[in-house]
Amino acid sequence: MPGPDPAVAATRSAVRRVLDGATGQRVIVACSGGADSLALAAAVAFEAPRLSVQAAAVVVDHGLQDGSEQIATRAAQQCGALGLEPALVVRVQVTQQGTGPEDAARTARYSVLGDAAQDLGASAILLAHTRDDQAETVLLGLARGSGLRSIAGMATFDARRRLVRPFLDITRAQTQAACTAQGLTWWDDPHNTDPSYTRVRARQVLPTLEDALGPGVVAGLARTADLARSDADGLDQLAAAATAALGAPPWPVQDLAGLVEPVRRRVWRALFPQTAKVHIDELERLLRDWHGQVGIDVPGGVRVSRRNGQIEVGPAPGRSRLVE
């Protein structure tokens with residue numbers, strides 16, 4: 001007897017890996033009706049009963065376009081037909097905030113998914129981000145130039161928010177092939193081809209990069225995310241240990257100066273959570289290029305100064321600013 005279509009087998013295998021050990025628990029599939037999340041819903045519906053896992057589905061209707069209610073209802077019906085119960089539609093009001101509409105929609109979506117997981121007693125929320133999504137995320141991070149964490153991409157497991165991404169090694173082409181093989185008709189979100197969105201422009205650039213540099217760019221960017229995340233996690237752990245060892249101020253200059261810069265910058269951020277890069281740069285100068293500066297006022301009404309080989313912390317006199 002022939003086995004399943006290769007794309008179907010790949011999606012099921014990816015789901016099996018993340019659900020292994022979740023016996024007796026409930027999980028939620030976040031489904032939009034697109035090919036990625038429908039393929040995920042089908043794979044979870046197939047694997048969950050075999051692993052004694054209960055699986056539900058939540059479709060978030062952002063209300064951002066005409067007909068969104070019907071699209072969400074159809075996606076929930078498809079999830080229900082696959083065997084995910086309950087299959088719920090949750091409607092949200094997206095307010096313009098953060099860095100733009102994409103950010104606002106994402107924030108609203110994760111909030112209601114978290115609420116749904118709480119209400120249903122789910123241990124995990126499964127998201128259908130693919131290798132292509134990961135590559136786009138890394139490319140955008142590189143363009144921003146905002147440090148190692150920005151190119152670390154998305155993790156398979158995000159324990160804090162109970163998010164699980166089984167498909168980070170699955171391509172968008174595979175999810176579409178899996179849907180086709182299983183007779184699932186997906187919805188193409190017009191926002192996914194709207195060049196006014198930054199992520200869409202990154203998506204459109206990737207094929208050009210593959211044409212110019214050869215196949216494997218998407219896989220290479222995704223692999224970069226894995227390596228960067230591993231390094232960033234390691235540096236975060238070292239910084240957490242160093243921060244704990246410092247204790248309460250004042251802190252000996254030699255203790256901070258003895259840390260490697262990537263760790264020390266993380267320590268500054270942990271000690272003064274509201275600081276931006278400009279403040280951390282000034283803190284670094286206070287430590288490594290001190291020439292009698294009065295002190296540095298950092299957000300939070302705090303002045304950081306250096307005296308007698310110690311970094312001291314006290315209340316800032318007046319408005320928060322950098323002082324030389």
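Yeah, the Cβs are placed from backbone N, Cα and C, and that goes for glycine too.
Annotated features, as they stand in TrEMBL:
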BINDING   SER32, GLY33, GLY34, ALA35, ASP36, SER37  ATP binding site
DOMAIN    27-204  domain 'tRNA(Ile)-lysidine/2-thiocytidine synthase N-terminal'
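Annotated features, which come from TrEMBL, shown on the structure.
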{"residue": "SER32", "record": "ATP binding site", "Cβ within 10 Å": "20"}
{"residue": "GLY33", "record": "ATP binding site", "Cβ within 10 Å": "23"}
{"residue": "GLY34", "record": "ATP binding site", "Cβ within 10 Å": "21"}
{"residue": "ALA35", "record": "ATP binding site", "Cβ within 10 Å": "24"}
{"residue": "ASP36", "record": "ATP binding site", "Cβ within 10 Å": "26"}
{"residue": "SER37", "record": "ATP binding site", "Cβ within 10 Å": "27"}
Taking the domain 'tRNA(Ile)-lysidine/2-thiocytidine synthase N-terminal' (27-204) alone, what is its mean pLDDT? 93
Not counting SER32, GLY33, GLY34, ALA35, ASP36, SER37, residues with a CB within 8 A of the CB centroid of the ATP site are CYS31, LEU38, ALA39, LEU40, ALA75, ALA128, THR175, TRP186, TRP187, ASP189
